[in-house]
Structures are given as structure tokens and as C-alpha cells.
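To keep things clear, I will list the structure first and then write my remarks on it.
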Amino acid sequence: MMSSYVMSPVDETYTLFQILKGSALFLLVLWTIFANSLVFIVLYKNPRLQTVPNLLVGNLAFSDLALGLIVLPLSSVYAIAGEWVFPDALCEVFVSADILCSTASIWNLSIVGLDRYWAITSPVAYMSKRNKRTAGIMILSVWISSALISLAPLLGWKQTAQTPNLIYEKNNTVRQCTFLDLPSYTVYSATGSFFIPTLLMFFVYFKIYQAFAKHRARQIYRQKLAVSSHVIRKHIESTILHEISHVLPTSDEFAKEEEEEEDSESSGQVENGLGNGNDAIIEEDECEDEDSDEKRDDHTSMTTVTATVTGPTEAPYMKREAKISKSVPIEKESAIQKREAKPMRSVMAISYEKVKRHKNRKERIYRKSLQRKPKAISAAKERRGVKVLGIILGCFTVCWAPFFTMYVLVQFCKDCSPNAHIEMFITWLGYSNSAMNPIIYTVFNRDYQIALKRLFTSEKKPSSTSRV
């Protein structure tokens with residue numbers, strides 16, 4: 001008679017949880033390996049991308065890839081099984097490799113930020129030294145400092161520890177592979193692996209943000225100066241002929257209608273964001289009578305002025321041309337002219353004041369239209385810069401701060417040990433930073449995006465036969 005085993009609801013829930021946990025860990029490990037390997041492939045196939053900043057990002061990808069290949073597979077099996085199922089000697093190697101790769105990854109983040117900080121704050125002095133040799137020194141310093149922290153227990157520090165890395169629980173039936181239970185080493189490793197590089201990272205990115213903000217402020221100021229002087233002056237000078245044409249109508253009512261029409265056109269142009277810094281183009285044709293001696297009247301002469309005014313617009317199709325052709329009789333010196341000179345000067349003065357007020361209004365509207373676009377571009381760039389810095393620091397802090405807080409707290413508070421599931425979640429939250437780094441440090445790099453697109457979309461070219 002065969003006995004059948006029926007799973008209880010508790011067993012089914014536990015099995016489902018294990019399956020989901022194993023699937024999530026498997027996908028995380030797979031993505032960490034794939035994404036960081038992709039960074040290497042792109043850098044290898046594109047020599048143009050092998051610059052100092054990209055080499056530092058490549059070293060970051062190498063440390064994350066090493067974590068994904070060596071540490072994460074063992075850690076995932078350990079998390080699913082709930083105990084250390086590998087040989088005892090492998091426990092020390094696992095812990096040392098974990099500290100080495102995690103520390104190198106964190107320090108690489110700081111070095112990438114430090115390189116950007118030097119390039120922005122000391123461009124002349126640093127750019128002369130920013131070469132592959134400098135990048136090699138920085139990369140070597142990262143791995144040396146990480147090795148001094150991770151290999152310290154193997155070099156004799158663990159001899160003073162009360163318990164080794166591998167401990168036995170539940171009547172010596174369950175083995176657990178843990179970090180070295182030694183307060184001095186805990187402080188040493190946490191300080192060197194997290195707190196110092198974190199402070200350095202926040203400092204350099206804060207300075208980068210300050211330098212970025214000052215640069216944008218100076219750029220806006222220079223744009224304002226350009227708008228206030230050269231561009232505005234050229235625009236006003238180029239439209240003098242067009243503005244003077246408003247003096248010619250003798251009817252005040254007609255001049256008022258023309259003025260209101262121009263105001264409405266200028267307002268509509270600014271509201272639609274069409275103002276731009278293009279210079280107005282003036283074409284002036286002064287036409288003289290060919291047969292002046294024959295056609296000139298004894299009492300009057302005719303002078304014709306034709307002006308073509310192209311207003312400053314942002315789109316070609318918005319070019320505004322106005323042909324103004326006025327014939328003004330100029331009386332010769334006579335008694336009638338002398339009597340009418342004073343009223344004419346009065347009319348001209350009134351018309352000139354109207355034109356002057358209208359020109360001042362147009363100048364203010366034009367100035368605002370030119371200033372609006374640089375401010376919008378500056379604000380967009382500043383928001384993007386702040387967004388990138390926020391993502392870098394935010395992801396790093398969210399991923400690693402809980403782990404190192406728990407790491408130090410548990411060492412000095414034995415009763416503060418979290419639940420096994422919470423401890424596993426916090427540990428893997430730190431590991432997940434290695435899966436995010438390839439996205440954060442490459443998605444905002446346009447050159448990398450282009451190279452990555454070419455890597456997946458480029459077709460194989462037919463091989464050309466070489467002549468022997």
C-alpha cells in the first residue's frame with residue numbers, strides 16, 4: 001500500500017513564495033551580468049568611446065560584473081536554501097569577494113563623480129592631466145583600497161574574532177555564512193566601504209550642481225547682455241525706415257489705426273513665441289527722376305521712397321514684408337509755404353511722438369520675446385542636470401544605506417537582528433545597485449545610446465574579397 005503526501009496550505013504558500021523569490025533573484029542576477037557585459041562590448045567595439053570618463057564607467061561595470069558572476073549566484077542559492085550548502089572553505093572566499101566587489105563598485109561611483117568634479121571646477125589644470133594614465137591610476141587605487149578592506153580578515157584580523165565566518169545553528173544542523181563578528185573590523189569596513197565614499201560622492205555632486213548653476217546663470221546673463229545691446233540695436237536701426245513711414249499720413253485717425261494694428265501683430269507674435277534674434281533686413285531703393293531737367297516742375301518735385309522691411313521672425317514663413325511708397329510734394333520757397341510751415345511742424349511733432357511711443361512698446365515686446373527662449377532652454381537643462389544628479393545619489397543611497405545601517409547596528413545591538421526575510425531583502429537591495437548602474441550611467445550618454453543602437457540594428461556587411 002502506497003502512502004500519499006498531501007501538501008498543506010502552509011506548504012503550498014511557502015513553495016509559491018520560494019518559486020517567486022527564486023525567479024526574482026534569477027532575473028536580477030541575469031540582468032546584472034547581461035547589462036554590465038553590454039557596457040564592455042560597446043566600449044570595446046567603439047574606440048571613440050574609450051575616453052577617461054567612459055573608462056571609469058567601464059571599471060564600474062567590471063566590478064558590478066564580477067559581483068554578478070562570483071557573488072550573486074552563490075548568494076541566491078544561499079537565500080533560497082536558507083543555509084550555506086557549499087564547502088566550508090568557500091565561505092571565506094564568498095565573504096571576501098562580496099566585500100571586495102561591493103566596495104569597488106561603491107568607490108567607482110565616487111571616482112566617476114570625482115572625475116566630473118575636477119573636469120568642471122578645474123578644466124584647464126585637470127584636462128592637461130586627464131589621460132589614460134590618470135584613469136589607470138584611479139582604477140588601480142580603487143581596487144587597492146577595496147582589497148585592503150576585504151582581505152584584512154584573511155591576513156590575520158579574524159584571529160581575534162570570537163566567531164568565524166561559518167557558524168552552526170539549530171544543534172549544529174544548519175550552517176550560516178556570515179560576516180566577521182568583530183566590532184573593530186565592522187567599523188573599519190563600513191567606514192572604508194560606504195561612509196567615506198558616500199561623503200565624497202555627496203560633496204563632489206553638490207559642488208558639480210553649484211558649478212552647473214553658476215554656469216547657467218552666467219550664460220543667461222550673457223544672453224541678456226546680447227539682447228540688450230547688439231541685437232536690439234540692430235533691430236531698431238533696421239526698422240527706422242519702416243517707423244518713419246508712419247509719420248507721412250496726415251490723418252491722426254489713420255495713424256492711430258495703423259498703430260493699433262501693429263500692436264496687435266506684435267502681441268500675437270510674442271504670445272505665439274515667434275520672437276527671435278534674427279536681424280531685420282532692410283532694402284532701400286531711392287528712385288530719382290531720370291529726366292529731372294525735363295520733368296521737374298517749376299513749383300514742385302516728387303521724391304519716392306520704397307522700403308522693404310523683413311521683421312524678425314523665428315520661422316521662414318512668418319517673414320513680413322511691407323512695401324511703402326509715398327509721394328510727398330515738396331513746395332519751393334513761397335509765401336504760402338512759409339505760412340504753412342509752423343502747422344506742418346506741429347503735425348510732424350505729434351506724429352513723431354506717436355511713433356516714438358510705439359517704437360518703445362515694440363522694443364519691450366521684442367526684448368521679452370528674445371529673452372523667453374534662452375530662459376526656457378536654461379531651465380530645461382537645469383532640470384535635466386538636477387534630475388540626473390538626483391537619480392545617481394538617490395539610487396545609491398536607497399540601495400546601500402539600509403544595508404550598512406543594519407550591518408553596523410547588528411554588531412553593537414545583538415537584540416536588534418531583523419527578520420531573516422527582511423535581512424535578505426536589505427542585502428539584495430544593495431546588490432541591486434549593480435544592476436541599476438549600467439542604466440544610470442549609460443542611458444544619459446547619447447554616444448552610448450547611438451553605439452548600442454548600432455550594435456543591435458546594424459546589418460552584416462558582405463565581406464569584400466581582398467586581392468592577393
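Backbone N, Cα and C define each Cβ position, glycine as well.
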Membrane side match, A79 / R454, Swiss-Prot record: no
Of the candidates C91, C101, the one sharing a disulfide with C177 in Swiss-Prot: C91
For C177 (disulfide bond), the number of other Cβ atoms found within 10 Å of its own Cβ: 22
Chain residues outside the topological domain 'Cytoplasmic' (115-134) and at least six past its termini with a C-beta under 8 angstroms from it: 52-53, 55-56, 204-205, 207-208, 211-212
Same-chain residue ranges lying at least 6 outside the transmembrane segment (55-77) that approach it to Cβ under 8 Å: 22, 25-26, 28-29, 32-33, 36-37, 39-40, 43, 85-86, 90, 94, 97-98, 101-102, 104-105, 108-109, 111-112, 115, 132, 135, 138-139, 142, 427-428, 431, 434-435, 437-438, 441-442
Long-range environment of the transmembrane segment (388-410) - Cβ separation under 8 angstroms, sequence gap at least 6: 106, 109, 113, 179, 186-187, 190, 193-195, 198, 201-202, 205, 208-209, 416-418, 423, 426-427, 429-430, 432-433, 436, 440, 444
Intrachain neighbours beyond the topological domain 'Extracellular' (411-424), with Cβ under 8 angstroms and 6 or more residues off its ends: 79, 82, 181, 183, 186
Per-region confidence, the topological domain 'Extracellular' (1-23) (mean pLDDT, whole number): 67
Remote residues contacting the topological domain 'Extracellular' (78-91) - C-beta distance under 8 A, at least 6 residues beyond either end: 18, 21-22, 25, 165-166, 174-177, 420, 424, 427-428
Contacting positions for the topological domain 'Cytoplasmic' (44-54) when only residues 6+ beyond its ends and CB under 8 Å are counted: 112, 115-116, 119, 130-132, 134-135, 445, 447-448, 451, 455
